[in-house]
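Worksheet for the structure shown next.
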Amino acid sequence: MRTKPTLAIPLRTFSFRHAMAGLPVAGLLLAALHGLPLLNLAANRLLPGDPVYASAFVNPSIGIVSILSIAASGFLVRTQRGIGGLLTSILFLAAWSVLLLGLGAQAAHLVTSQPPAASASLGSGFWIASVSLLVLTGISIGHTHRRCLGAIAAMCGLGLPMAAWHSGGLNHLSLAVEYAGRQAALHDAVVEHLLLSGGAVCLALFAAILLSLWRSGQSIVGLLVSGVQVIPAVALLGGLVALVSGLVRAVPALRDHGISALGPCPAVIGIAAYLLLPLWRGIGAALRSADPASIDVAEALGLTKFQILRDVRLPLGASVLVGSLRVAVVQSLGLATLGAIIGAGGLGRLVFDGMAQFASDLILIGAIPIIVMSLAAEWVLSAIEARCRLRWRA
Amino acid sequence: MRVRQHPALAVGLVGVALAAMSHPTAAAWIVGGFGEEPRRGLNPDRLLTLGIHHLSLSAVGLALVALLGLGLGILVTRAFAESVRGGVDGLAAAAQAVPPVVMVALALPILGFGGPPTLLALVAYGVMPVLRGTVSALESVSVEAREAAEALGFTKLQILLRVELPLAMPGLVDALRTAVVLAIATTAVGALAGASTLGTPIVAGLQNQNVLPMLQGVLATAALAFLCDAAMLALADLAPGGTAR
């Protein structure tokens with residue numbers, strides 16, 4: 001049985017073999033900076049705006065960004081590994097912060113000469129340029145062969161916009177305006193989102209352990225657990241709402257315990273159902289990863305069953321276990337978004353509100369934390385997975 | 001042969017049963033069993049239209065996914081493309097970190113309502129599993145088989161078409177099977193962006209607290225997913241050297 005699609009390690013797999021791969025990306029970056037609208041200026045937040053290109057900028061930021069990126073790309077191709085990669089990654093991050101601040105300044109310039117409701121939103125050129133700069137930074141770090149740099153660069157990548165925002169440099173961008181208006185709601189939504197996905201992971205972990213203990217029924221469990229994967233998430237969540245509402249109607253006492261058809265309860269159950277497969281499979285594979293000879297040795301040494309589990313099977317299977325947890329956590333962070341359609345709250349609510357109002361900034365306010373959280377979870381857990389593999393080499 | 005067809009048959013039967021349950025009469029009976037007063041459901045014609053829309057949107061997305069995933073997979077396993085391998089892999093993995101709902105939502109302001117944002121999400125989310133499946137299937141072809149073909153004087157293209165692809169076929173079909181299931185699920189999410197799919201009655205039913213059409217949508221979507229999965233399982237059996245499980 002082939003495993004379901006698992007997330008690879010985005011930040012680790014960015015280690016390109018050749019720095020040459022950076023050249024087309026740098027080309028894309030320059031094309032996006034100069035050929036695509038960097039900002040959109042609209043009379044209010046719901047109207048489609050007029051594009052603002054680099055040529056209309058009153059500050060020299062885009063020129064500086066272009067020069068920095070060209071210089072960094074040159075370094076990337078020409079210099080030795082190690083120090084060259086470090087230098088280029090710093091240059092690319094610097095270019096990104098200049099881009100951010102330059103756009104913030106241009107937005108301030110444009111908006112102040114307009115009626116109060118006017119808003120300047122980030123255009124497609126900015127997004128493509130940002131992704132290109134991110135990829136280029138990744139290539140540079142891959143070039144250095146030092147993985148700890150990745151963490152520092154990621155911190156800078158998150159810290160720079162935060163610092164720029166706190167200094168007030170971005171205050172006139174519509175994304176920052178929207179964020180300022182919804183700070184409290186966003187904070188609540190992030191907490192709800194983490195609770196939803198964390199609750200689902202805990203529930204699924206508990207259920208997967210129970211299912212693994214049922215030795216004789218493993219084939220039935222396998223069929224059921226992989227059958228669930230076939231059901232589309234929208235359908236499963238909807239079905240659970242129908243089921244829970246039926247249950248609550250049949251046993252009204254449940255309502256007193258805070259269980260209702262719409263809300264976090266069916267969402268957590270639904271999300272957990274999808275996590276069963278990776279976790280159950282991971283537990284099984286982890287327990288099997290100790291070879292029979294080691295188990296025989298442990299038995300001969302007189303270890304009890306519990307000691308064998310604790311000292312032999314779990315350490316040897318730790319990396320597999322963490323790997324399955326990584327897949328489950330990332331999946332649950334994504335699925336928790338969908339929980340909002342059945343009233344479970346979370347970041348999905350902001351995303352769906354944004355879709356209903358056709359307000360792209362609101363969608364982004366909800367979407368960016370989801371993406372950042374899944375990448376962070378993916379990255380941290382894959383680092384732990386690698387550490388486990390090194391520590392207890394199977 | 002009879003034993004091998006078993007999984008496809010069982011999955012298919014589940015699909016047919018779910019489809020039968022999505023019929024308004026059956027669904028109304030189930031909703032009645034929950035103690036709910038059934039309101040007006042969807043008639044079978046409407047359900048069928050939505051199902052056909054759903055299937056065709058998924059099929060277009062799947063065709064693009066298969067083209068891109070298989071193509072890129074074949075490309076990055078060639079010797080000359082060694083250097084871009086990590087890059088393609090990394091980009092596909094990063095695209096996977098964006099959940100389909102979020103992808104649909106992000107595409108909405110750019111591509112508008114309906115089919116296009118759904119298609120984008122389908123492609124962005126589906127390419128990675130097919131790409132990984134293709135790469136691992138092609139890598140599982142033994143070096144001996146490749147060397148034997150080379151010794152026989154096959155050109156590179158002939159090796160690909162007559163040795164590697166046939167030997168990798170079970171893995172490729174398996175990767176596509178995962179992509180089919182993902183495509184059906186992502187298309188259902190597309191209902192949130194206004195695409196008319198089997199997800200539409202679910203979303204509308206949740207908004208109006210109308211359980212009957214919601215349940216019909218739920219059952220029909222699940223039925224479609226199971227039927228497509230069964231079709232792919234059957235296809236895996238037909239493929240040369242195919243052993244579904």
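Using the three backbone atoms N, Cα and C, a Cβ is placed for every residue, glycine included.
Any TrEMBL annotation is an automated prediction that lacks curation.
Taking Cβ pairs closer than 8 Å, the transmembrane segment (B:51-76) reaches residues 84-85, 88-89, 92, 115, 118-119, 122-123, 126-135, 138, 160, 172, 175-176, 179-180, 183-184, 186-188, 190, 195-199, 220-221, 224, 228 in its own chain, all 6 or more past its ends. As annotated by TrEMBL, transmembrane segment applies to B:51-76 (among others).
Feature annotation from TrEMBL assigns domain 'ABC transmembrane type-1' to B:51-236.
If you look up TrEMBL, you'll see B:88-111 (among others) marked as transmembrane segment.
Residues 42, 47, 50-51, 53-54, 57-58, 61-62, 65-66, 69, 100-101, 104-105, 107-108, 113-115, 117-118, 121-122, 125-126, 129-130, 212-218, 220-221, 224-225, 228-229, 231-232 of the same chain sit 6 or more residues outside the transmembrane segment (B:179-206) yet have a Cβ under 8 Å from a Cβ within it. Positions annotated as transmembrane segment by TrEMBL: B:179-206 (among others).
Sequence annotations record features per position, and here TrEMBL assigns transmembrane segment to B:218-236 (among others).
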| Folded-back contacts onto the transmembrane segment (B:88-111), same chain, C-beta under 8 angstroms, at least six residues removed | 72, 75-76, 117-118, 120-122, 124-125, 127-129, 131-132, 135, 185-186, 189-190, 192-193
